[in-house]
């Protein structure tokens, strides 16, 4: 009888919903923590990878440009390394914004792969950093006794500080159609930040004065840091 009463009062783990729920919550918390840690590590590794590749390619591009001008090999390499690292990190951050947006994850993955391939091949740095850095190097030609302000200006990537969210939202948006998706040479127009062609039906942002067009995530992320056009450097 005593044994029967003991068995009837015994509650195995499988029949205790509260204990099972507690264990499941612990498992979910562990999975969430592990996922967050792995995501942080992966983001840090990718950021370091983009910065490293951008630095190396930027230094190479800057050295070649500096060698062809009076600025010098070392100064050109230094400017190119810094510009390449900054630009590569901004491209990576724009990629993350697109990944977290409502766009197709498969399309974002293809875009990220294309960016990585372009970065490794040097196309991103050569096409976007090269012209801006060449202008910075040439502006310093003949400067022997440069002041601290002059040295700071050569590494500056924008003419003014970033814009607030309200000011960025006021910049006009346009929809890509068959009439505005070609440049002056007849080629498909593209975003100079991510280097991807504009697609019909896409909504892009057209900057005032210069009217250069960019994807919304790309240019918004830029304008929060710089108050100028990333192509022509004209202040907004």
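Keep in mind that glycine also has a Cβ here, set from the backbone N, Cα and C atoms.
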Segment assigned the feature transmembrane segment in Swiss-Prot (from 3-23, 24-44, 45-65): 45-65
Membrane side match, residue 75 / residue 189, Swiss-Prot record: yes
Annotated range (Swiss-Prot: transmembrane segment) out of 79-99, 142-162: 79-99
